[in-house]
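K.L.:
Starting off with a structure, shown below.
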Amino acid sequence: MDDAAVLKRRGYIMGINLGEGSYAKVKSAYSERLKFNVAVKIIDRKKAPSDFLEKFLPREIEILAMLNHRSIVKTYEIFETSDGKVYIVMELGVQGDLLEFIKTRGALQEDDARKKFHQLSSAIKYCHDLDVVHRDLKCENLLLDKDFNIKLSDFGFSKRCLRDDSGRLILSKTFCGSAAYAAPEVLQGIPYQPKVYDIWSLGVILYIMVCGSMPYDDSNIKKMLRIQKEHRVNFPRSKHLTGECKDLIYRMLQPDVNRRLHIDEILNHCWVQPKARGLSSGAINKEGESSRATEPSWIPEPGADKKSATKLEPREEARSEARSESKPQEDTLQVVRQSENVGLSSELNRDTEEGHPQQPSETHT
């Protein structure tokens, strides 16, 4: 039985193709029960690799079934047919994804970015409180509903965190995601704290929201890693970002995993909290550290004209809600160059100012 017939029997009228990979595709469909359009991810077990079937797909299905948050794509139904096809019926991002939105409209104003970033951060806190990590946070996985609210999608790399006998989270050894959003410890192949990895990716996303460009050029991974480990974050002067916004980004893009912000610290940061905005620069001391953890510590260097931010170039192809690449094997670095996936230009922004550099981070074991 073909997909249209299977979906028809379940009360869905199949629509257009939204995306297709080697063993999965996404179709739009109209739900006769819900009375609106949905997205249907169809996975063919016969074509999928064994590691995906044995590890990643069961994790994704388990996690999708347990999540219920206003800023996470809803999963309405999951079913499987006798011929080995899995159907995941999900909320449709009717306004596309955040990357295409920014490519079309440019960088967001801080108030709009704050709203969207708060929605995303609230979704991540919800997940982290459940010991669920996403591990593939990027603008393409942030869908927009009819009112342009953020809907976190694609839990293909997600997992439940395990704890040891003392209650500490066990480090992850699956190195996954896109290089442009990957934390330094992941790029280096070091076993990592998955929740802390998510925080780095949040920092990259916020940078893209307010700058309209990537914070790092991933065409040269070794060079990018060196810049990241030196804690260099360059902001376009033309964007006139507030110190509070730069400070939050700088703290999330902290190479030292022991100093990187926790999700609760992000949500309590003065830029995210409406009542705390407008903090005077007097709260920052000479060393660039604030008197409270949530106050700005970012200090620009006058005259700096470094090059690391990479422009986003418009793409012709629309982004689908489903990932098409296979999942990685354990202990194998599988980060993907973002420029290969989304058509980023290697041209660099020159109109930048650099964040206050820190000492190189200590080796994390």
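Glycine is treated like the rest: Cβ placed from N, Cα and C.
Pasting the relevant annotations from Swiss-Prot:
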| type | residues | note |
| --- | --- | --- |
| ACT_SITE | D136 | active site, proton acceptor |
| BINDING | L18, G19, E20, G21, S22, Y23, A24, K25, V26, K41 | ATP binding site |
| COMPBIAS | 303-330 | compositional bias 'Basic and acidic residues' |
| COMPBIAS | 331-347 | compositional bias 'Polar residues' |
| DOMAIN | 12-272 | domain 'Protein kinase' |
| MOD_RES | T174 | phosphothreonine |
| REGION | 282-365 | region 'Disordered' |
K.L.:
Which of L18, A24, V26 has the fewest nearby Cβ atoms, counting only those within 10 Å, among these binding-site residues?
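P.N.:
So among L18, A24, V26, the binding-site residues given, the one with the fewest Cβ atoms within 10 Å is L18.
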K.L.:
Within 10 Å of its Cβ, which one of these recorded positions (E20, D136) has the largest number of other Cβ atoms?
P.N.:
D136
K.L.:
Within 10 Å of each Cβ, count the other Cβ atoms, then let me know which of the recorded positions S22, T174 comes out lowest.
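P.N.:
Sparsest of the recorded positions S22, T174 by Cβ contacts within 10 Å: S22.
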K.L.:
Given the recorded positions L18, E20, A24, V26, T174, which one's Cα is the least distant from that of D136 (active site, proton acceptor)?
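P.N.:
Comparing Cα positions, the candidate nearest D136 (active site, proton acceptor) turns out to be T174.
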K.L.:
Between E20 (ATP binding site) and T174 (phosphothreonine), what C-alpha distance do you get in Å?
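P.N.:
Between the Cα atoms of E20 (ATP binding site) and T174 (phosphothreonine), the distance comes to 25 Å.
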K.L.:
May I ask you to report the DSSP-based helix, strand or coil state of T174 (phosphothreonine)?
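P.N.:
Reduced to three states, the DSSP call for T174 (phosphothreonine) is coil.
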K.L.:
How many Å lie between the Cα of L18 (ATP binding site) and the Cα of the residue listed as 'phosphothreonine'?
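P.N.:
About 28 Å separates the two Cα atoms.
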